[in-house]
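K.L.:
Pasting the relevant annotations from Swiss-Prot:
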type	residues	note
MOTIF	40-51	motif ''HIGH' region'
MOTIF	576-580	motif ''KMSKS' region'
BINDING	LYS579	ATP binding site
Amino acid sequence: MKYDFTSIEKKWQTRWQAEATFATGTDHSKPKYYVLDMFPYPSGSGLHVGHLEGYTASDIIARYKRSSGYNVLHPMGWDAFGLPAEQFAIKTGTHPRITTEANVKNFKGTLQAMGFSYDWEREINTTDSGYFKWTQWIFLQLYDRGLAYMSEVDVNWCEELKTVLANEEVDEKLADGYTVVRRPLRQWVLKITAYAERLLADLEELDWPENVKQMQRNWIGRSEGVEIDFELRCHRTTLKAYTTRPDTLFGATYLVIAPEHPMAEKLATAPQLLVVKEYITKAKLKSDLERTGLQKEKSGVFTGSYAINPATGQPLPIWISDFVLISYGTGAIMSVPAHDSRDWAFAKQYNLPIIEVIKSPHDVQEAVFEEKNSTCVNSANDEISLNGLDFATAFERMATWLESKKVGKRKVNYKLRDWIFSRQRYWGEPIPIKHYEDGTIRPETNLPLELPAVEAYHPTSTGESPLANITEWLIGNDEHGAFRRETNTMPQWAGSCWYYLRFIDPHNHAQVVDGNNERYWMNVDLYIGGAEHAVLHLLYSRFWHKVLYDLGVVSTKEPFQKLFNQGMILGEDNEKMSKSRGNVIPADHVLQRYGADAVRLYEMFLGPLEQVKPWNTNGIEGISRFLGKVWRFVYPEHSEAATQPSNEPLPDELLRRMHKTIKKVGDDTSSLKFNTAIAEMMVFVNELTKTGCNNREAIETLLKLLAPYAPHMTEELWEALGHTNSISHEPFPTFNPALVEENMAIIAVQVNGKLRGTFTVPAKSPKEMLLEEARKVESVAKFLEGKTIVKEIVVPDKLVNFAVK
């Protein structure tokens with residue numbers, strides 16, 4: 001009988017659903033394992049083969065852990081609010097909910113066709129009112145704790161999309177060709193900076209890829225420095241500037257402030273006022289990325305004012321430049337051009353002094369010297385000398401001196417900025433806030449606050465969302481008086497900040513999550529998804545989780561204990577899959593042609609899970625042939641009936657081979673080395689085929705090992721062998737350590753440390769036998785002839801070394 005994957009896969013998917021095979025266990029006395037995918041945004045284009053990689057990996061682990069005795073939580077849902085659905089609604093007039101429901105149905109169909117063992121009873125959708133009720137509730141907890149506030153801020157405004165972009169979203173939109181400018185707008189902002197230190201410190205407790213942790217460290221951007229008060233000439237005040245290099249203060253030759261600095265226009269002298277105003281106006285139209293790009297030519301304007309360097313007493317010209325951001329430090333910096341590349345380029349461009357204060361191997365007039373591993377020079381006055389000191393010592397001495405003079409203080413700063421949370425669009429969670437005529441603000445008490453129906457989805461010309469046009473929803477009265485509802489909506493990130501918690505208790509109408517269930521399941525043991533979410537989603541989720549921890553809602557400090565980033569699967573042209581390149585391989589196409597088990601195995605066999613690798617259709621043919629070999633153990637060629645294997649004992653060599661396979665597949669599966677686990681199973685299949693083995697123990701063991709990878713075929717063959725239970729409920733095979741040990745050892749023989757030959761002996765042979773056999777090796781004997789052996793070194797099962805003279 002030929003393997004008909006179409007009917008067999010449908011049969012088992014239907015049965016799994018009917019029998020709730022993958023329902024989450026409720027026995028809290030068992031060990032638990034929570035394996036989670038980064039849930040998808042259900043786009044109209046559907047899933048391609050690259051999307052399936054991470055889902056397949058998580059499913060293999062979920063199945064493996066179930067068979068290893070764990071209660072497994074393996075859920076799926078939909079991050080369904082977002083801009084693409086709204087843009088489609090603007091274009092077609094179709095309500096976003098309609099397109100979202102169609103897209104979800106398409107996505108779910110593909111995931112079910114892959115045989116993923118999700119507990120679909122726990123399915124969630126961020127656009128369901130029963131879900132976003134709790135998203136709104138969490139927002140109000142942030143508001144009550146002073147972590148959500150309104151502010152008139154300069155935002156990243158995308159003219160084409162008519163909405164605000166978070167700082168973290170700007171790069172992507174610019175790369176896509178959108179225009180991003182800065183403009184002031186009333187915004188809701190979340191005070192993520194209040195958690196900066198904890199977000200940074202707790203990274204050390206996480207089993208995450210080091211590059212992802214480093215990206216978060218860089219984004220948080222903690223630095224230790226000194227805030228220095230520079231006395232202004234002709235002004236009865238000071239200008240504060242933050243620096244991480246107080247050791248270079250003697251080399252500061254000018255100051256630079258951000259165009260948005262509150263003193264920018266005040267510092268402009270009469271002759272400079274016009275050019276200063278023009279420069280400030282132009283700077284405000286640029287995004288932060290445009291302003292701070294390392295390759296851009298530095299621009300600036302002199303204010304006409306000066307400050308005094310407290311170490312030298314020399315006047316420092318004060319400039320305005322857009323490479324300084326008001327959001328970092330004080331919005332003012334001291335510039336030491338000899339030892340900072342940006343300052344050096346600016347000084348050269350505007351002919352400003354360059355003074356060496358760190359001993360440099362070259363002329364700092366010709367090139368900057370930025371290394372810290374040198375000593376201070378030209379750094380002394382009547383009260384303090386840094387000359388000859390290293391960085392750390394000079395830092396401390398200067399910081400102490402500045403504090404003693406009351407012109408500076410030590411300070412920790414962060415690059416992290418508060419999260420601009422509101423969006424000027426329709427398809428997002430309404431922010432549950434009422435604005436009253438007397439100026440007070442009160443939260444909505446009756447959650448969820450749902451979106452009203454609208455006829456047009458375009459943002460208003462003033463930048464408000466379409467909700468501003470729905471008067472019957474917008475305006476109301478209650479016991480506190482007349483009010484106007486908040487028209488901004490939440491960003492797409494809101495729903496994904498806490499979804500992992502809702503999966504634990506998705507049908508709870510009384511609270512976000514039941515405490516007992518949360519304490520059992522949290523935190524997530526394995527979180528699989530793309531590295532592109534390193535800063536955005538992961539940082540935001542960690543922030544919300546820490547707030548919920550402080551509220552007593554959750555019991556863990558962090559949501560995701562282990563993070564794994566799968567590598568991208570490229571198109572067959574070795575390029576990233578995209579519609580514009582025409583190299584997208586739709587998942588449904590390969591499923592129809594090869595079946596789910598072949599696709600699952602092939603994606604995992606392509607290479608290490610974390611590596612980028614190209615799709616190759618020829619490769620999946622080889623996987624299909626491998627599955628055919630497995631099929632023929634039970635359904636030989638030209639046979640319509642299943643053959644029942646023999647119960648005769650396995651030959652010793654095959655028995656050892658089987659136990660080694662069990663160990664290797666188990667070890668590699670648990671460490672996500674799926675490609676080598678599959679390779680080991682292929683070797684075992686070839687051994688069984690070559691020897692004509694028809695042993696029940698060997699074949700059933702193979703099926704149990706293969707079941708997490710190819711669940712449909714293994715279920716079918718398991719049933720054909722006479723079993724009535726699902727193979728998904730079978731324990732994963734265990735190996736006998738005595739049968740796994742190597743019974744032969746290859747011994748390397750060295751003479752004076754150089755390899756001269758090898759020989760093979762039974763493992764654990766005594767030292768005397770190893771020395772005797774080593775001397776007999778022909779290629780070794782000639783190097784011993786006529787020599788005196790002064791020392792013999794033996795490493796059991798590995799090495800013999802003769803020291804001769």
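Placement of Cβ uses the backbone N, Cα and C atoms for every residue, glycine included.
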K.L.:
Tally every other Cβ atom lying within 10 Å of the Cβ atom of the residue listed as 'ATP binding site'.
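P.N.:
By my count, 8.
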K.L.:
Going along the chain, which residues at least six beyond the ends of the motif ''HIGH' region' (40-51) come within the CB cut-off of under 8 Å?
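P.N.:
Counting only partners 6 or more residues beyond its ends, the motif ''HIGH' region' (40-51) has Cβ contacts under 8 Å with 78-80, 82, 84, 88, 99-100, 102-104, 106-107, 110-111, 492, 568-570, 577, 579, 584-588, 590, 599, 603, 615.
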K.L.:
What are the DSSP helix, strand and coil residue counts for the motif ''HIGH' region' (40-51)?
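P.N.:
Final tally across the stretch: 3 helix, 1 strand, 8 coil.
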K.L.:
Work out, from DSSP, the number of helix, strand and coil residues along the motif ''KMSKS' region' (576-580).
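P.N.:
Tallied per class, the motif ''KMSKS' region' (576-580) gives 0 helix, 0 strand, 5 coil.
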